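As recorded in TrEMBL, the features of this protein are as follows:
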- 1-25: signal peptide (SIGNAL)
- 220-242: transmembrane segment (TRANSMEM)
- 286-311: transmembrane segment (TRANSMEM)
- 323-345: transmembrane segment (TRANSMEM)
- 357-381: transmembrane segment (TRANSMEM)
- 387-409: transmembrane segment (TRANSMEM)
- 444-466: transmembrane segment (TRANSMEM)
- 478-504: transmembrane segment (TRANSMEM)
- 516-536: transmembrane segment (TRANSMEM)
- 548-570: transmembrane segment (TRANSMEM)
Amino acid sequence: MGLGRWTIEVVVLTTVFSSLLPVRADEHDHKYTDKEEVVLWMNTVGPYHNRQETYKYFSLPFCVGTKKTISHYHETLGEALQGVELEFSGLDITFKDEVMQATYCDIELDKPKRDAFVYAIKNHYWYQMYIDDLPIWGIVGEADENGEDYYLWTYKKLEIGHNGNRIVDVNLTSEGKVKLVPNTRIPMSYSVKWKKSDVKFEDRFDKYLDPSFFQHRIHWFSIFNSFMMVIFLVGLVSMILMRTLRKDYARYSKEEEMDDMDRDLGDEYGWKQVHGDVFRPSSHPLIFSSLIGSGCQIFSVSFIVIILAMIEDLYTERGSMLSTAIFVYAATSPVNGYFGGSLYAKQGGRRWIKQMFIGAFLIPAMVCGTAFFINFIAMYYHASRAIPFGTMVAVCCICFFVILPLNLVGTILGRNLSGQPNFPCRVNAVPRPIPEKKWFMEPAVIVCLGGILPFGSIFIEMYFIFTSFWAYKIYYVYGFMMLVLVILCIVTVCVTIVCTYFLLNAEDYRWQWTSFLSAASTAVYVYMYSFYYYFFKTKMYGLFQTSFYFGYMAVFSTALGIMCGAVGYMGTSAFVRKIYTNVKID
């Protein structure tokens with residue numbers, strides 16, 4: 001009985017991970033022999049201004065070609081989540097065999113079909129196709145200048161470039177403009193022309209990239225500007241803290257030489273006074289440690305995925321970026337458990353199993369909850385973005401059979417290896433009262449202002465990332481993204497250290513949540529920027545696209561905020577431990 005159950009679990013895990021990894025179908029080994037079948041896949045159709053609002057190609061009353069038999073096709077998890085809906089076109093295409101213009105089917109245009117095409121043309125519908133993993137785009141039709149008559153493009157003129165036995169280039173020209181008149185028959189035709197090309201197979205995606213956009217001098221200038229900000233901030237923090245801390249240490253050393261009477265009469269103030277409370281456990285340690293663990297995992301995932309994207313051109317495979325991110329997230333679950341579990345143990349937490357569950361499912365629950373909500377709207381619209389039930393089951397299997405066990409392993413390691421509270425100062429039994437201070441030293445004000453500089457270091461890069469995701473650009477300059485990630489982390493740590501120093505100097509020891517939230521407030525500014533981008537940089541419309549945009553921008557901003565908060569806290573924690581280790585305390 002036990003062996004059978006173990007076998008079933010192995011099969012489930014194998015199936016899940018095989019769906020995560022980019023899989024190529026048999027016909028996608030990208031090598032062809034003469035007269036071998038070349039498949040034209042019809043993907044999706046939808047309004048040009050709403051990139052994520054896509055529908056199955058044959059949801060419009062297009063007709064299908066005569067060829068029915070075809071090899072099978074494998075779909076990855078990333079493709080399923082991104083709404084890829086590949087359907088066979090029915091067109092007969094073979095390698096290096098040219099096809100003169102030929103009719104492959106007829107559309108019997110009744111009034112409902114005409115209305116469907118007219119609606120698509122009014123909303124600037126475009127469609128996407130694939131040949132040998134190379135994307136092709138075409139427009140459904142166009143209206144005349146007066147907007148009274150509507151025309152459908154009926155002739156697909158394909159020109160395919162080959163280099164030896166590989167396809168390296170595909171171009172589509174839409175011709176044959178036919179006026180849409182009810183109760184008529186519209187013939188759909190195609191032709192295929194083959195030509196030799198000097199393009200290397202490895203470089204065949206270069207034509208889809210836009211160097212003039214991504215490598216614009218503004219992009220370079222923004223990186224340089226952020227880099228100078230880092231140098232300035234690091235220098236400023238080092239100078240202020242080194243000089244200020246040296247004075248603090250000198251003052252505290254002088255106070256130690258005084259007798260008790262002089263010390264009582266002296267003006268005692270500063271961060272040393274809260275040494276008995278600075279390492280007191282934060283409020284709500286269970287949630288706090290779960291957030292820190294999740295933030296460390298998000299940082300690990302971001303770093304690893306960017307490295308993989310720099311090494312491998314992930315944009316050349318449909319859904320490979322999303323599949324890779326999910327795989328890496330699942331594999332880095334021990335990071336979450338280790339940092340979250342060790343921090344919770346240091347703070348004296350006893351409900352470590354509950355903390356492990358919250359840490360493991362915090363990010364997946366947020367993402368899946370948003371996707372679940374948007375999925376209802378997608379199902380109402382009959383959009384291809386509606387996530388199939390089988391994909392939902394696969395994601396749940398990943399959460400319960402991969403993420404949770406690995407998180408458990410990390411939690412156990414964290415509690416046993418670094419879960420002992422080895423603080424340089426003892427924690428007083430009775431909390432010290434927090435004195436009144438100026439309004440700008442209040443934690444709420446520090447939290448609101450803390451995210452401005454980190455956001456300022458990344459907001460130009462946010463524009464390029466948003467444009468690649470919400471518009472029709474392929475992001476490929478991952479070296480820029482890695483630089484921006486490093487700059488963001490350095491700026492965040494510097495800002496939170498300064499904020500924490502001022503807070504402790506005001507004898508307020510509530511630095512844990514303040515350091516986390518002051519860094520995490522970057523997410524608020526990013527989300528505010530997403531509103532500006534939506535209204536002034538896009539032409540999106542409709543309930544589905546708007547919900548999709550703001551829903552997933554909220555997920556992105558929250559994940560970014562949790563990551564920045566964790567980075568800020570980890571840097572600040574090292575700083576606090578360092579300064580209290582170097583001062584003599586009775």
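Glycine too: its Cβ is placed from the backbone N, Cα and C atoms.
Remember, it's a predicted structure, so these values are computed and weren't measured experimentally.
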Q) Near the transmembrane segment (286-311), which residues from the same chain, at least 6 beyond its ends, have a CB less than 8 A from one of its CBs? A) 321, 324-325, 328-329, 332-333, 335-341, 343-344, 347, 349, 351, 354-355, 358-359, 362-363, 478-479, 481-482, 485, 489, 512-513, 516, 559, 562-567, 569-570
(Q) Are the transmembrane segment (444-466) and the transmembrane segment (478-504) close enough to be called in contact, which here means at least 3 C-beta pairs under 8 A that are separated by 6 or more residues? (A) yes
**Q.** Contact ranking winner - 323-345, 478-504, 548-570 against the transmembrane segment (220-242), Cβ under 8 Å
**A.** 478-504
Q.
Within the same chain, where does the transmembrane segment (548-570) have neighbours whose Cβ lies under 8 angstroms from its own Cβ atoms, ignoring anything closer than 6 residues to its ends? I mean 6 or more beyond.
A. 52-53, 291-296, 298-299, 302, 339, 363, 366-367, 370, 373-374, 377, 385, 450-451, 454, 470, 488-489, 492-493, 495-496, 512, 515-524, 526-527, 530, 534, 540
